[in-house]
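Before any comments, here is the structure.
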Amino acid sequence: MKIGIDAGGTLIKIVQEHDNRRYYRTELTTNIQKVIDWLNNEEIETLKLTGGNAGVIADQIHHSPEIFVEFDASSKGLEILLDEQGHQIEHYIFANVGTGTSFHYFDGKDQQRVGGVGTGGGMIQGLGYLLSNITDYKELTNLAQNGDRDAIDLKVKHIYKDTEPPIPGDLTAANFGNVLHHLDNQFTSANKLASAIGVVGEVITTMAITLAREYKTNHVVYIGSSFNNNQLLREVVENYTVLRGFKPYYIENGAFSGALGALYL
């Protein structure tokens, strides 16, 4: 059996290949000892690691794994997934939305890291808890899916009420900027969480398309574990990317790009 592991700050992503079949699974990083014990009880032909906690695993297992830089591993894995999913693009920006978000430019041969922001899944969970007292990520994102941002976020259409705006009316003028205009309203947890995810999605997209413009590409690829069970984040990112005139790509199993790429480096 061949195993690639991306041991991140929040999740451990695992790719297994055996008998020409591929399997994906995740474990919380807090359960890293469980992963170590599992590896020590497996017959492993190839083991390759990446991510911030790769060294922790390598130090406690009986095997001799190879360790790779996570940016290179993610880029390689993304190349494989893009090809398998029929996306033929030569150069692009990709945003890896994990606990935080890193941005990379791929020129058809090599990747280079071109930026990063602290908005990502960590912000969704942390700010989401402060707004709702919910700690479970799946419960939080499920609730947010039912939220309405209009009572909380100030949109361009709210400012230009009776006239045609010079830019699309659905653009956000100020995140959370409509709250003081609706103090007589009851702000539900669903609405607050939807707006929090909106902030994350719009910041990530704004950064990604700015870099795409700088590197003269229309293609922006989004991967990362923050999209897991988070259709709202995906919609915000894809819609805003299109609205700004760029082409978004959401990659199935993109969160496993690092683990898959490590396996093939």
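Using the three backbone atoms N, Cα and C, a Cβ is placed for every residue, glycine included.
Features reported for this protein in Swiss-Prot:
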- 6-13, Thr99, 121-125, Tyr137, Ser225: ATP binding site (BINDING)
- Glu70: active site, proton acceptor (ACT_SITE)
Alpha-carbon distance [Glu70 (active site, proton acceptor); Gly8 (ATP binding site)] in Å:
9
So which one is it: of the binding-site residues Thr10, Thr99, which has the fewest other Cβ atoms within 10 Å?
Thr10
Just to confirm: which same-chain residues, 6+ apart in sequence, have a Cβ under 8 Å from the Cβ of Gly122 (ATP binding site)?
Gly9, Thr10, Thr99, Gly100
Where does Gly8 (ATP binding site) sit in DSSP terms: helix, strand, or coil?
coil
Could you work out which of the recorded positions (Asp6, Glu70) has its C-beta surrounded by the smallest number of other C-beta atoms within 10 A?
Glu70
CB within-chain contacts under 8 A for Tyr137 (ATP binding site), separation at least 6:
Gly121, Ile124, Gln125, Asn228, Asn229
List of residues, in chain order, with Cβ under 8 A from that of Ile12 (ATP binding site) and at least 6 apart:
Ile5, Asp6, Thr26, Glu27, Leu28, Thr29, Asn31, Ile32, Val35, Gly51, Asn53
State the count of C-beta atoms found within 10 angstroms of the C-beta of Ile124 (ATP binding site), not counting that atom itself.
26
How many other Cβ atoms are found within 10 Å of the Cβ atom of Gly8 (ATP binding site), counting all protein chains shown?
24
According to DSSP, collapsed to three classes, what secondary structure does Thr99 (ATP binding site) have?
coil
